[in-house]
Amino acid sequence: MSHRNRPHKNNTQSANPWHKNSTGVDGPNQKQSRGGGTSNTGKKLSQQSNSCGDNFLKQSEEKFHQAHRKHVESAKKYTQQYESSEDEDEGGSASQDILGSVLKNYVGAGMDIGKTQEYLQNLLESRSAVCLICIGTVKRADPIWSCQSCFTFFHLLCIQRWGNDSISLKRISHEQQEGYYNNQGEYIPKPALSVHWDCPKCRKEYEPVDIPRHYDCFCGKEQNPQNHLWLIPHSCGETCSKRLVPNCGHSCVLLCHPGPCPPCPQTISVACKCGQSAKKTIRCSQRTWTCLKTCKQKRNCGIHECGEICHSSDDCPPCKSRSKQKCLCGAKTKEVNCSESRWQCGKVCGKMYACGLHHCEQGCHEGDCGECPMGLPRTCPCGKTSSVAACSEEIGTCGDTCQKFLDCGEHRCSERCHPGKCGQCMELVKRPCRCGNMTKEVTCHKQLNCETKCKNIRSCNKHPCNRKCCDGQCPPCDKLCGKTLPCGKHKCSSMCHQGPCYPCNQKATVKCRCAGTTLEVPCGREKKVGTVKCRLPCRIASKCHHTNPHHCHQGDCPPCQQVCGLKNDTTNCEHPCEVKCHDAVKVVTKDKNFKPVGPWDAPTEIVEIKRLPHPPCEIKVPVTCIGGHETSLWPCYNSKPTSCGRECGRALKCGVHTCPKQCHVVKNLNSTEEEPKCQSCTAGCAIPRPNGCSHPCKRPCHPPPCYPCQAPTKTTCHCGLTQIFYKCHEFYSNDKSEDELKLFREQVLSCGQKCIKNFPCGHRCNSTCHSGDCPNPESCSKKVKITCECRSRRMEVNCAARTKSKALECDENCEKVKQNRTRERSDRERLQREQEEAENQRALEEYEKKFGPKKYRERKRTQVEETKEANYLLYGLVSGGILLVAVMVYFVLVN
């Protein structure tokens, strides 16, 4: 069997013949080796191996404890960040709260079954489930078995081998065990065989019949379930139907699934625990609920009400009201709980019975003591005969043999019936000594002990037992340990033992720096406790000009956190220094004269306490630029006025422009007029000219208005025949209105001659020279000719009348002309059809002549050729006639 399939060593007993059984008695091979010398050599070797193993265990335990202490210290440092200066005494509770909040999710009672089920399902579907026996992957198609306690998956073959091998090893170990005699000489048989096998993970015990024989689905309904891609692996796809836990009478309604079933989702109507509130509908898994009403039942005392919050009627707690109550006999009185009113004081009653001879020997009780027990039927001392006599009389012996069992429990008393206790057993019996090395006849009440000293190592694994005739149960070592404890100051005062010593139980006093506060800690923990938190003020004089109050501490005093407040001599201003105090600041510098021997050498750091100069004053002060444009807040050390970079913008003497220079020094910051250092205006006139004037003003920059423009201008009249001369200001001026200018321009630009433009009808205008379109185009009096639709009738009328009636109406002559034209058109069409037919006939004859049967027809061919020539002449005459008629029609239509 491989080491993977081997059961856990805690579940089986060792099959080694040198192994001691559960009672501590050595095996048979060990008994035979006690007399020889080779056994001592073997014991020495075993002692050496045990000592080596102990040293290894000690080293591993020390490493573990060191790592554990580091983790605890780091956790404490982390929790100290949450401790305020006011709550320093409660740091331990704060750290416990933080660690408790971190570890609260690791308790097993509040396990979320839904998350566990989802985890197991994802584990199967992602192929990350591992069999803990063969350390192999549990695949979708592998037959498996899952534990009913921890729901871990195993291969079916692996768990079968595991269960069979576990049972086989236990049976083999049981067969190797034997019975033994205890120190009283009694034979103790070997224990009965308890056969079971355990889950490899959670160690849940299963019976041999529980070894799985078949591959079942999770709900157990189907054997060898099919591997379906759309179902959970190893499930049958049917409803689970398992009884829910705790058993509420409902079944699981989920499909066949791994892991535990979820809480019962059914809804039921149930009342609260006390039954005072009305029923409400809740989940079956939460069927027990409590209301806020108090219980009104009487407690077990029958006087006081319960008063607790809603609970079951049978679960009322005992009454805790205190009252003074007497004991049962009434001798003593004390204050007890109301539920403990009947109490016994433990005093012997001592009352006289009715006989007047004997006293009651019962403990504290109430009521009558009853009849005298000496007056009841009594037996002789051996109990064989009985008689009735007065309590004043004594019952004598019967004279028969006593026959009571002696203290040994095996033999009977051989004396005659006698009062009192029987004597010791004097029978001779063969009995082995306590260690089992010798056997001898001795009286039954005696214990046989030999002189052989036990050489077994005691529990301390250092000193031998050396007890005579030891039964194997060696007593603990009675020597003092004497090892130096981890504190390094005291030694272990316990008995010699194995493993590390207990921590030192002495107390050590740790003082703060001023010795005003002390703290008692376990010895050896002085360094780990750290500094003692002292609330007294520090007694060390401050290194700066402030008082710097703070609590007692270890090491250097903390730097002063107050504002400097001294006059700033660096900036030489009137403001006090507002940065943190810098009278005593720790400055770390490196030795400039350090010469490294190699690249591994680093320069040494020099730590000095120095007084640093005041930094530049950063207080914001208002500063106005040199041109007076803006005022802003600048640091005091850099509060010198400068140029803001804007344009000067002061009005120049011209009254139009402003100073274009960048912000410059001026005498009066509030003035908006030109200053001596402003740039004079060198631009020309920038006043806009009248609309239409294109001549610039020749004067230098001046305030408006400009002089009238005297530039002579030449242009043509409206009709373009005559040139007109005028001055620019006459046509374009800002002094006249637009209507006046238009009237003047119309008068000047008109030459007085007849207009040369034409009306839209094509005739010449009758007005004099003017601007724009010609007026009254509808009054044209020129004579024009108009025709009818067929152009047969013609008439002369005025141009204005033509616009009203553009054409004449046709008469009878027009109808005749239309008929003639229609007739001519039909003749042309008939002639064209005949020509087309003749052409088609000719083409047909040529085709037949070319592709038809060849016949010699000399005479007929000549006639055809003549006919052809005649046709060509006819075609030419018809075409010329058609062309001539078309030309004539065109000219007629055009006219």
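The backbone N, Cα and C atoms fix where each Cβ goes, and this holds for glycine too.
Marked as region 'Disordered' by TrEMBL: 1-95. Sequence annotations record features per position, and here TrEMBL assigns compositional bias 'Polar residues' to 10-33, 40-53. Per TrEMBL, the feature domain 'NF-X1-type' maps to 248-266, 301-321, 355-374, 408-427, 460-479, 487-506, 544-562, 654-683, 693-711, 761-782. TrEMBL lists 814-848 with the feature coiled coil. Annotated transmembrane segment per TrEMBL: 872-893, in sequence order.
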Going by DSSP, how much of the domain 'NF-X1-type' (693-711) is helix, how much is strand and how much is coil, in residues? 0 helix, 1 strand, 18 coil
Ranking 301-321, 408-427, 544-562, 693-711, 761-782 by Cβ pairs under 8 Å to the domain 'NF-X1-type' (654-683), which is first? 693-711
May I ask for the residues of the chain that lie six or more residues beyond the domain 'NF-X1-type' (761-782) and have a Cβ under 8 Å from a Cβ within it? 717-719, 721-722, 746, 749-755, 798-800, 802-803
What same-chain residues lie close to the domain 'NF-X1-type' (408-427): Cβ under 8 Å, and 6 or more beyond its ends? 380-382, 384, 397-402, 443-445
